[in-house]
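Written out below as structure tokens is the structure these notes cover.
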Amino acid sequence: MSKKRLYEIAKELGKESKEVVARAKELGLDVKSHSSSVEEAVAAKIAASFKPAAAPKVEAKPAAPKVSAEKKAEKSEPAKPAVAKEEAKPAEPVAPKTEKVAAKPQSRNFKAEREARAKEQAERRKQNKGNNRDQQQNGNRQKNDGRNGGKQGQSNRDNRRFNDQAKKQQGQQKRRNERRQQEDKRSNQVAPRIDFKARAAALKAEQNAEYARSSEERFKQYQAAKEALAQANKRKEPEEIFEEAAKLAEQAQQVQAVVEVVPEKKEPAVDTRRKKQARPDKNRDDYDHEEDGPRKQQKNRSSQNQVRNQKNSNWNNNKKNKKGNNKNNRNQTPKPVTERKFHELPTEFEYTDGMTVAEIAKRIKREPAEIVKKLFMMGVMATQNQSLDGETIELLMVDYGIEAKQKVEVDNADIERFFVEDGYLNEDELVERPPVVTIMGHVDHGKTTLLDTLRNSRVATGEAGGITQHIGAYQIVENGKKITFLDTPGHAAFTSMRARGASVTDITILVVAADDGVMPQTIEAINHSKAANVPIIVAINKIDKPGANPERVIGELAEHGVMSTAWGGDSEFVEISAKFNQNIEELLETVLLVAEIQELKADPTVRAIGTVIEARLDKGKGAVATLLVQQGTLNVQDPIVVGNTFGRVRAMTNDLGRRVKVAGPSTPVSITGLNEAPMAGDHFAVYEDEKSARAAGEERAKRALMKQRQATQRVSLENLFDTLKAGELKSVNVIIKADVQGSVEALSASLQKIDVEGVKVTIVHSAVGAINESDVTLAEASNAFIVGFNVRPTPQARQQAEADDVEIRLHSIIYKVIEEMEEAMKGMLDPEFEEKVIGEAVIRETFKVSKVGTIGGFMVINGKVARDSKVRVIRDGVVIYDGELASLKHYKDDVKEVTNGREGGLMIDCYNDIKMDDVIEAYVMEEIKR
């Protein structure tokens, strides 16, 4: 079976598609829109549901539009009403049905409308007597023009255009005539003209009458009061008369005030302006007529974008409502002027250094100009964007009568505050922690051997030159209690490392060799421990040697303030032999005893804080830092700020190289995850989140850079001479690369302390890690050489150094680096020469030779006169000339020298004024060794 769509059914029924869709849904059909299709049986069912309008389907379609079209013809052709009526007669039988259809514009019969328009055009052509041509004729004419072409076609087109314009003008004139006829018919409906003078006179008379009615009561009251006063005056004395008159006058004023306050009821004012008559029957095409007469014809009437009804257009409405149109704005009330609100001054003002004038004005709700004026009166020239110091802000607030308080801001980037804040640790959560013990002493007194014995390992045998290069942190267990040991180098170059070890330690073990006694680094270690207020345990080592004398060591230490408990002091002394493991247990028990006396406590519940023991740059791991946790607990993935760098703890390893996830107080660990290698001795702190840690780290790095820039020495009158002198010095540029940060610091400090007159050391760059290509490039650019300490260059860096002729010096012992640097610095100095007199001679005779000069015959009286020596001419004890010899002869032979007691002849270069008895002094310049 075939199907039908709903809009087809609606077209057949003369209904709207949405009505058919709604009726189908009421019948229970599953349809979605007018495009849905149904079976023919279902379509018949839907059609049957529209019983009132279903019978005359086919006949109603042409009839309805004919009526509507011919009605339009009646409107457009008012001059021919008879023709329209005659054409409408055949549609009379179906008139009731077509009215229903005509009410639905969606079902218009376009064919009938086209026929009606064609008839209308035919009628117009008859009336114009052949001046207008139909569309078909115009089309034929265009075809003929196309065939003819040339000038004839152009002239035909011009004629056609002229005819079209004439036809258009005739049509417009016809419509204007028709509208004028309609205006004449409606002329009897125009309102009569208003006499404005009569209207104004009537309005004025009405106002005068109203005023008379309102003032009548006041006049009666005043007259009654006047009569009463006259009667009273007949019976009263003059004084009483004046008093009564005053009272009555007062009452009259009060009455008049009441009358003036009571508003008078006025009739609404009559609008006397001429009103425009309503024109409901006026067509939209009446553009060339208004009530006041004809107006200019609009141009470009055929444009679709032009607003045809200018009277109702938005553009004209906006133009009439503009601000400059006095006609529409005469009755508008002016906008009220906003008054500035008065704000009271605050009682307190919390400020920070560096606040600007604009910020202060906003806080106290005053204008910046007012504050600038007050500052000017105080003698301070400022603008609204200028920062003020705290003292100026306080004086300004005193002038306003406001109490000024400086705001205490918490610096998020300040790590040191965690170490000094009282409220950071929870007193209820404090537990006992392991002691941190630092082993200190002179070079080769057995510090690393002792630590090796404690750890039962042989790390000490691998140390180059018998000295420890960097701090090692280890933990051991004694009697169930942990002890953390720090090993510090004893060489003089590592002073900063020993001071750093003393600052983080709880107990110092001072190792002194029984055969050597007290040495310079021993005294330095004592001073560091006393400065840090750390108790000292003296371990007298090497008691197994034949020349050991512990008593001498005790006496020497007593001279430096370290007294034994046996001598009435507070330092414990233990005689040990680290090599043969003698009295090691006694030493550990002494350490635990001193730690118990100190009552060392820590809070493991807070975020971890501590100190960097060492830092290095690993090729595979990146920046590696050895940390000593002093308070709190350090966990993996904690956001951390270390010195001027930051990061997240990626991995942690203990002193045995095993990975751990948690590190408690007094625990040394190595961590990775920092973006840069920190400096040894820097503090670290764990933050709440990575965002705050990053902000703190970046802020600390920025401050460090600013501090470094501010430390640059500026030239002044005081240091001008030193600056000029320093410019004459020669410089040795050095790039230092080491395995750990402590060695880098020690090398830098030691090289800068080398004192060679005329030469200074400039550290171009120093870092931890292997020597790479960028180091070689920097050395070539800065004319420097590279010192590698316990590191090696990469193969690429070695090849580049050979190609660029960059010198790389590799060392593992620090004092060898210092000696080599001194020799290099001395070799850079300009040689110094010393004058040495080698002989004297006396002129016996002079000979003048033309074209040669003056030859002086001489006799050597002391030493010798050499050909390559310099000479001075001395006459009467005064040096006349100082120069070189041009020639030296013995008789006629050229000789290299003339010895004592012999005679010869000489010529002096560029000097001929030689006279008899002149003394010739010969001398040479010899280089002085430094």
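Any Cβ shown, glycine's included, is placed from N, Cα and C.
Because the structure is a prediction, the values reported are computed rather than measured.
Per Swiss-Prot, region 'Disordered' is recorded for 50-217, 260-346. What Swiss-Prot records for 50-67, 129-141, 309-318 is compositional bias 'Low complexity'. Taken from Swiss-Prot, the feature compositional bias 'Basic and acidic residues' covers 68-90, 110-125, 157-167, 262-295, 337-346. Look at Swiss-Prot and you will find 432-599 tagged as domain 'tr-type G'. What Swiss-Prot records for 441-448 is region 'G1'. What Swiss-Prot records for 441-448, 487-491, 541-544 is GTP binding site. Residues annotated as region 'G2' in Swiss-Prot: 466-470. Positions annotated as region 'G3' by Swiss-Prot, on the basis of similarity to another entry: 487-490. Residues or ranges marked as region 'G4' by Swiss-Prot: 541-544.
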Checklist entry - Helix, strand, coil residue numbers for the region 'G4' (541-544) per DSSP? => result 0 helix, 1 strand, 3 coil
Checklist entry - With every protein chain in view, how many other Cβ atoms are within 10 Å of the Cβ of Gly441 (GTP binding site)? => result 26
Next on the checklist: Same chain only, sequence gap of 6 or more: which residues have a CB within under 8 Å of the CB of Ile543 (GTP binding site)?
Outcome noted: Ala514, Pro550, Glu575, Ile576, Ser577, Gln582
Next on the checklist: I'd like the Cβ neighbour count for Lys447 (GTP binding site), meaning other Cβ atoms within 10 Å of its Cβ, all protein chains included.
Outcome noted: 28
Item to check | Arithmetic mean of per-residue pLDDT over the region 'G3' (487-490) | outcome: 58
Item to check | the compositional bias 'Basic and acidic residues' (110-125): DSSP-derived helix, strand, coil residue counts | outcome: 16 helix, 0 strand, 0 coil
Checklist entry - So, in DSSP terms, is Lys447 (GTP binding site) helix, strand, or coil? => result helix
